[in-house]
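Below is one structure, written out as C-alpha cells; the observations come after it.
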C-alpha cells in the first residue's frame, strides 16, 4: 500500500510579496476553453493590449460577442487583429462603433484588405437570413465608418505605441495572418493567434522569432495533442472521396470559409483536374459573393507568399507571354478549371459537380442552402475540410444525424414539420454522406508542442481550444517538466477568469552626459578594464536627475536634460523685502546666529558710511552725502544655511533672495519668521537696550546670560527637568547626606565641640565620671550628626546645595546623589530609567556643578 505523503512535503514555499505593478494580468473575454469569439486582454505596468475581437459562429446577436461588459475598454491602448476570420475579427466594428474604446487598431495590409469585404459580406448575409432569431449587432454603415480607423503594418517591422512595442510575424494560417511579439517595460509576450507550421502551396509557415527571449507565450490549443495525417496522404484521401462521389453521379459540397483554406483547396483541385482529364467534364464552382473581389487581393499580395506560389507565378507568366495572351493573365490565381459563382440564381443544378461554398460552419448562406437542397439524396456527399466549432451545423453533421433543420428554405420536397407541434421547425432528412479531412491550417499536438519547446518561455497560456483538447495539451506540457531544470508554468484560464502572474524586473538606469565621464567604482574597475585600480575603495555616489521614458531610465546632470531628454529646466529666483524700523545689522546677525548657527558674511560692495554718535552714546550708520547708484546701498550681506541671502540696506530695508525649491522655501520662511519677530523678542529687546560704556576701550565680548548660574539655580533646573519626567509630587530633595564609611582618618576628624569636650575630660575626674553616664547610643547619634554636618559643609563648598534627590513612582523609590550622580534603587529597570533621565538632565543643565 502506498504511503501517505506528509503535509510538509506538499506545502509550497512562501512567496515574497509582489508589487501589483509587477504583475501581468491576463483575461479572456472570449476564446477561453472554447473555440470562437477570440478576445484576450493583457495588462502590465499600466499598459493594456487587446488581442483579437471575434464572434462565436454558433451564436447570434449579442450572445455571439465576447464578454465586453466585464472589462473597461476605454483603458485599452492597442488592439491587435491576428487575421480576418469571423471568430477573430467580426466584432471589431462593434468595438469601434458601440463601445468606449479609444485605442488604436492594427492588422497587416492583407488582413485589412480582405477584412473590409469579408465583414461587409457577413452583414449582408445576416440581413438576408430567414432565421427569425438572428439579429445584427452592427450595420454595414458602422463597418464602413470605422474601417478608416484601422492601421495596417508589415511583417517583421517594429512599431512603438504608447511605450508598447509590437512586431508582427507570419503565422501561416491564412493570407495576412500574423503572430505578434509585444514588449512592455522589457517583458516580452508572444501571441500566436491561429498558426500553422505545415508547408502548403501558397503560405509561409510560422517560425519562432530569432534572437528573442520570450517571457510569456500565448498559443492556441485547437487540436490538443491530436496528430494530423501527413499532407500527401490527406490530399490523396480527399481526392479519392471527391472522385468517388462524382463517379456515383452525385454532387460534392465542401463548406469552407470564403477566404483562407478555400484558396489552398482550389490550388489542389485545379492541379488535380489538370492532371486527370477524365474529371474535367465535372465543373468546380467557388460559390462566394467575395470570390472575385478577394481573389484580386490574393493576386496583389503574391510577394508575401511562399516560394511555391512565386515559382508558379513566374511559370504562368512565361506561358502567357509565349502564347501572346494579354498582360495580367496566367497568374497563379487564374484557375483553369475553377468557375466563380456569384449567386445560386445562375447555377444550373444538373449533373455532378464540386461546390466550394461559404460559410464553413453551415450556419447560413450559400453552403447552408445547398446542404438543405442536397442532403436528401444519398448520391451526394458533404466533405468537411476545416475545424468545426461546437454548436454549429458542421459539428452536428459529423455525428451523421437522420435529419437536419431547415433554415434557408422551408418548402423543400421531402421536408416535414418537427415533433412537438412547432410550426416554425421544419426538418429535412439527411441521406448524403459526410466525411472529414482536416485542412484547417492549425498546428496539431506534435507541432504545437515542438513550437512551445522551441520558444522556451517560462510561462505558457493556452487559448482557442475546447476544454478536453486544452486539458490534454496542458497535462502533456506539465509532464515534460519532470526532465527540466526550470519548470514551465502552464495556464488555461476560462472566460472572464482573471489571471495574475508576477514578473520582477531589475530597474537599470543608464548614466549619460557629464555623469558618464565619472570613473567607475573599484568593483566595476576590476571587471570592466585592465588598467590600474583606483586607490579609493569607498562606495561611489552619483547625484543627478533620473528620467524615465518608455520604461527606460537615464541618469544625467540637470544641464544635460535638454540634449538627452529633450527637457528644459527653469530656475526661479525668489525675493522678499521687509522694512525694520529699529533693528540694526548687529541685532539681525545676532538673531540669525541664534537660530541657524554660524552665518556666512558675503563680500558685498558697501557704500561709504559715516559713524554718528547719538546723545545717549548709541552709534548708528548714516549714508554719505554723495549719491550712490541704486542697489549699492547694501550695508552687509549674509548667507544663511548656504541658500538664503540676507541683505541689509542703509535705509533699514532687509532683502531676502533664494533659489526657489521645496527646501529653500522652508528655510526662507524660517528666516522671515526670525526677522519679523526680532524687534519684539524679549531677548532681543534686552540685548538692544544695553547701554554702551562711555569709554574708548574695546567692548567686552557678549556673554551668554546662562553661563554664570548659582548652585541653587542649577539645582532648581535639575529638579524642574526631573519633575517634567516623573511628576512634580514625585521629586523631592534629600537633606541627609550619604556618609562615607568610617576610617582612621575619618575618626581623627572631629568637630570643635568634640575637642572642647575632650579638654574638659582631661581637666577633672568628676566630669569624666559624668560623661561615663552618657549612653553609647547618644554618643553614636551625636557623632553621626557631626559627620552629617561636616559632609553637608563639604558639599556646599563644592557648589552642591543639596546632597541628593529622591524620586518616588508608585512603590518604587530611587535616590540620586548629586556629587557623583549615583542612583540607588532596588528595582533594576527603574534604576536604569532614572539614570538615563539624570544623564540627559546633566547634558541640558551642564556643566552642572563645574
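Every residue gets a Cβ built from N, Cα and C, even glycine.
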### Query
Which single residue out of 194, 200, 550, 560 does Swiss-Prot record at the Zn(2+) 2 site shared with 87, 88, 464?
194
### Task
Quick one: of 83, 173, 194, which binding-site residues lie within 10 angstroms of residue 464 (Zn(2+) 2 binding site), measuring between C-alpha atoms? Sequence order, please.
194
### Summary
residue 83 (Zn(2+) 1 binding site) has its Cβ surrounded, within 10 angstroms, by a count of other Cβ atoms equal to 27
## Note on the structure
Taking only the CA atoms, the spacing between residue 85 (Zn(2+) 1 binding site) and residue 442 (active site, proton donor), expressed in whole angstrom, is 13
### Query
How many whole Å apart are the CA atoms of residue 173 (Zn(2+) 1 binding site) and residue 442 (active site, proton donor)?
7
### Cα-proximity to residue 442 (active site, proton donor), 10 Å cut-off, over binding-site residues 83, 87, 88
none
### Task
Select one residue from 442, 464: among these recorded positions, choose the one with the most other Cβ atoms within 10 Å of its Cβ.
464
### Summary
Close in space but at least six residues away in sequence, with Cβ under 8 Å from that of residue 194 (Zn(2+) 1 binding site), the same-chain residues are 82, 83, 85, 88, 171, 173, 174, 177, 220, 222, 441, 442, 464
### Query
If you run the three-state DSSP split on residue 173 (Zn(2+) 1 binding site), which class comes out?
coil
